[in-house]
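Peer 1: The structure under discussion is supplied below as structure tokens; questions concerning it will follow.
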Amino acid sequence: MIWTLAPFVALLPLVTAQQVGTTADAHPRLTTYKCTSQNGCTRQNTSVVLDAATHFIHKKGTQTSCTNSNGLDTAICPDKQTCADNCVVDGITDYASYGVQTKNDTLTLQQYLQTGNATKSLSPRVYLLAEDGENYSMLKLLNQEFTFDVDASTLVCGMNGALYLSEMEASGGKSSLNQAGAKYGTGYCDAQCYTTPWINGEGNTESVGSCCQEMDIWEANARATGLTPHPCNTTGLYECSGSGCGDSGVCDKAGCGFNPYGLGAKDYYGYGLKVNTNETFTVVTQFLTNDNTTSGQLSEIRRLYIQNGQVIQNAAVTSGGKTVDSITKDFCSGEGSAFNRLGGLEEMGHALGRGMVLALSIWNDAGSFMQWLDGGSAGPCNATEGNPALIEKLYPDTHVKFSKIRWGDIGSTYRH
């Protein structure tokens, strides 16, 4: 996922529970399903939490934020310990005001909130919590499939409704310096290695980057879509510095992506096309191993769609002189690519085997208008229609709906 503005990860508190503040987080319920070939799909009483940086993190006993336009307020946070002593995180009680709504097994994410004549940009990002509400749900997807329904019909050019996996810690990095943990959305990381004010819930007083493996199952709007693994040659959250955070560093920032339009299938995905984004459809992603076991080596990432009861095979495209319809070692074999230098599918598979956290978000891109996803050779959108100012003016109701999120044995999550 290529963010142009770093999403902030928050700190939180030290030894006493008071450091978490007096307002508990609401954690909207979102039913998900775990599936097996033998027993079908079982309901899970899971919930979501907004990223910690969305929460108000302030100096204890005051309304003074622990961050400013330059990052951490160094008067409050001169070092990690003092930062943890000083800063408190407040829970969020009204998720709708942050663009997040759930109903049974459906999650709706809104980009904008309209109040009277005013429009506020929100860009919410949430993580899936386990049934205990204290830890993230850890998805182990080797030789498994992940499936969801999506309504992307209002996601115009320049928007990105994303569903992806991050190798965060189950606890959100909970520690003596971070008593908030996953319950308050701490611990975010991805393959872009951004330098954020907080890392694993602790003040980033040394200005390091936060890296981890990232599996972009779904980055899309109504006009284009991408499926992209981003391996790193590290395990879990890794704090980078200098060149280790850059394009030649520990993570593959670009990834090895499968975008049907970008690979030549220009009539496959979009309004009124084979996968018709005017309507809701189902997305199935399979993580196949070399020996068809959950302990094998990741060898292929396959994609299927289902719409109006019909299974739609992934677009068959030409790459490297061959017809391909999935992500394999051969597909990603570009000479000198960071993907292969950093371990490729095998390394990505290690993270999928250890367990990854599900993140869901909506955002737009003031830096490049999301052209890397849907413009130029990647999609049909022109150079300016993804401008967030234009989207806000013309499409203030842009949103994404994810529903019926389920995962389990290959072939167990859909009818075929």
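Just so it is clear, glycine is given a Cβ too, placed from its N, Cα and C backbone atoms.
The feature active site, nucleophile is assigned by Swiss-Prot to E214. Look at Swiss-Prot and you will find E219 tagged as active site, proton donor. Residues or ranges marked as N-linked glycosylation site by Swiss-Prot: N45, N104, N117, N135, N233, N278, N292, N382. If you look up Swiss-Prot, you'll see 1-17 marked as signal peptide, on the strength of sequence analysis.
Please go over these features one by one and say how buried each is and what sits next to it.
Peer 2: When secondary structure is read from DSSP and collapsed to three states, E214 (active site, nucleophile) falls in the strand class.
The local packing around E219 (active site, proton donor), expressed as other Cβ atoms within 10 Å of its Cβ over all shown chains, amounts to 24.
Cβ environment of N45 (N-linked glycosylation site): R29, T31, E131 lie under 8 Å away, each six or more residues apart in the same chain. DSSP classifies N45 (N-linked glycosylation site) as coil under the three-state reduction.
Here the Cβ of N104 (N-linked glycosylation site) has 11 other Cβ atoms within 10 Å, regardless of which shown protein chain they belong to.
The 10 Å shell around the Cβ of N117 (N-linked glycosylation site) contains 5 further Cβ atoms across the protein chains shown. DSSP assigns N117 (N-linked glycosylation site) to coil, not to a helix or a strand.
Around the Cβ of N135 (N-linked glycosylation site), the same chain contributes L129, A170, S171, G172, G181, A182, each under 8 angstroms and 6 or more positions distant in sequence.
Within the same chain, residues at least 6 positions away in sequence whose Cβ sits under 8 Å from that of N233 (N-linked glycosylation site) are V250, L342, G343, E347.
All protein chains considered, the CB of N278 (N-linked glycosylation site) has 13 other CB atoms within 10 Å. Annotation note: N278 (N-linked glycosylation site) sits in a coil segment as assigned by DSSP.
Close to N292 (N-linked glycosylation site) in the fold, though at least 6 residues off in sequence, lie N143, each with a CB less than 8 Å from its CB.
Here N382 (N-linked glycosylation site) comes close to C157, G375: these same-chain residues lie at least six apart in sequence, with C-beta atoms under 8 angstroms from its C-beta.
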Peer 1: Closest to N117 (N-linked glycosylation site): which of the recorded positions N104, E214, N278, going by Cα position?
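Peer 2: Answer for the nearest of the recorded positions: N278.
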Peer 1: I need the nearest neighbour of N278 (N-linked glycosylation site) among the recorded positions N104, E214, E219, using C-alpha distances.
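Peer 2: That would be E219, the closest of N104, E214, E219 to N278 (N-linked glycosylation site).
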Peer 1: What is the number of other Cβ atoms found within 10 Å of the Cβ of E214 (active site, nucleophile)?
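Peer 2: Looking across every protein chain shown, the total is 27.
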